[in-house]
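Trainee: This is the structure, below, for whatever I ask next.
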Amino acid sequence: MADENLVDKTATDIGEPTVSEPGMPQLDFTTWDNQIFWLVMALIATYFILSRVALPRIGGVLAERQGTISNDIAAAEDLKAKAVDAEAAYDKALVDARSEAGRIVAEAKAEIQADLNVAIAKADEEIAAKSAESEKAIAEIRAGALESVKEVAKDTAKEIVAAMGGKADAKTVNAAVTARMKG
Amino acid sequence: MAGDAKGGDELVFKPMDQFKVEPFFGSGDVAWYTISNATVWMALAVLCIFALLVLGSSKRSIVPSRIQSIAELAYGFIHKMVEDICGKEGLKYFPYIMTLFMFIVFSNFLGLIPTAFTPTSHIAVTVIMAMAVFLTVTILGFVKHGAGFLSVFWISSAPLALRPILALIEVISYFVRPVSHSIRLAGNMMAGHAVIKVFAAFAPLVLISTGIGLVVTPLSIIAITAIYALEVLVSFIQAYVFTILTCVYLKDALHPHH
Amino acid sequence: MEGDIVQMGAYVGAGLACTGMGGAAVGVGHVVGNFLSGALRNPSAAAGQTATMFIGIAFAEALGIFSFLVALLLMFAV
């Protein structure tokens, strides 16, 4: 552009030949070919670095990570399903065990009850036998006691009659005592 | 303004000197093959891209390291942008767009290092990139759709009477695209760096006049910090904007029918 | 002398060109403000439209950058 004119003009106007004033360096077209050449070189280098090495590699890493993540998620879901299954199985086992235990308890109870009933029946029988025996014994004792009372009363009556001075024959006294005891 | 330096006792305003293209080794003229400072910083940008995207991902680990996750973040960011805007068939051009994005973003960020040179602040650089996008889009559109690509200018949803006027506006805006596309990036970079440089020129005022300098110097240093932070943001946003506009233009070539 | 007047004109023109940046600032503020008010009404739709917002910002800002460029050209290249 008008760079050289500008340099001359400002230099003479200000009167300082030591200070050079190139204007805007961006508009200094003598450096454009240099910049353009090296820019094209740099862009081509960058393009090849990116398209041949960097981008396929990073894209591969990202895809691989995506794959790994989805695989892991699938595996995690599998494991979760397994865990749910296991929990269901555990619950079922627990329920089974509980009902089994209940059954066993009921059985044991029934058995015990049966044993108990038998034992009670036996005990009842024994008690009944014993009490019958005892009643018999009591009845015997009572009968014996009545007999004894009769004997004692006859003897006492004979003795009293004898003591009174009367003559008493055994048959009459006995009949009188027996009649009196009955009365 | 830039030529006002008169010796050690004055403030030196040379905000545009940082954009000078000079030979990196020695001095002299800049021929097309010379290794200039622009060359060096472009090469550094390429090296950084290599380090981030190739060395960073060299382990291919399923659980990424920090550098690898940054590389993956950049990949996913651009990949999603291309896919969202251009659709599935746009993914064929993903390496091309990724190249532009990574180169611009690294040039911008490396340019923020003090004393660095910013290749993207030069119109020469951005014009080449924008023209590359423009030519790619135009040629691709005609190759894919033939004359049907011209329907991008014919807005069929507008009333019939308005269509010729709209077509004229569309054609003009189509050809302004590479201009705005390139000037936006270069202008943003240039403006931010020049502003930092202007504030930096005020910073040594305390050495010249202590009275005003005690106020101005801290203020200018705070201003440099603030503008620098803004520039970090702008560096990324401009790279993003350049890339997203590339995607939008590419979408026109792939699906010209509105 | 003539050069001085030309230079003065160039500098004044550069200053005037900078007013264009104010317009760009208004434009960008308008875009973001409207985006935000829309986004607060329907936050679920906001995420998908951020890219559109940035495109709008870019278009609004491009014109401000043009005025900046004109200023720079007047300062350094005329």
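Cβ atoms here come from the backbone N, Cα and C positions, even for glycine.
Curation does not apply to TrEMBL; its annotations are automatic.
Given the structure is predicted, the values throughout are model-derived calculations rather than measurements.
Features from TrEMBL:
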type: TRANSMEM; residues: B:30-56; note: transmembrane segment
type: TRANSMEM; residues: B:93-117; note: transmembrane segment
type: TRANSMEM; residues: B:123-143; note: transmembrane segment
type: TRANSMEM; residues: B:150-176; note: transmembrane segment
type: TRANSMEM; residues: B:196-216; note: transmembrane segment
type: TRANSMEM; residues: B:228-251; note: transmembrane segment
Trainee: Give the nonlocal contacts of the transmembrane segment (B:196-216) in its own chain as ranges (CB under 8 Å, at least six residues past its ends).
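Mentor: Here the qualifying positions are 9-15, 18, 223-224, 227-228, 231.
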Trainee: Under an 8 Å Cβ to Cβ limit, what residues of the same chain, 6 or more beyond the ends of the transmembrane segment (B:150-176), are close to it?
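Mentor: Cβ under 8 Å, 6 or more out: 141, 252, 256-258.
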Trainee: Do any residues, 6 or more residues outside the transmembrane segment (B:228-251), come within under 8 Å Cβ-to-Cβ of it, and if so which ones?
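Mentor: Distant contacts of the transmembrane segment (B:228-251): 78, 81-82, 85-87, 90, 93, 97, 100-101, 104-105, 108-109, 111-112, 120, 129, 133-134, 136-137, 140, 177, 181, 184-185, 188-189, 192-193, 196.
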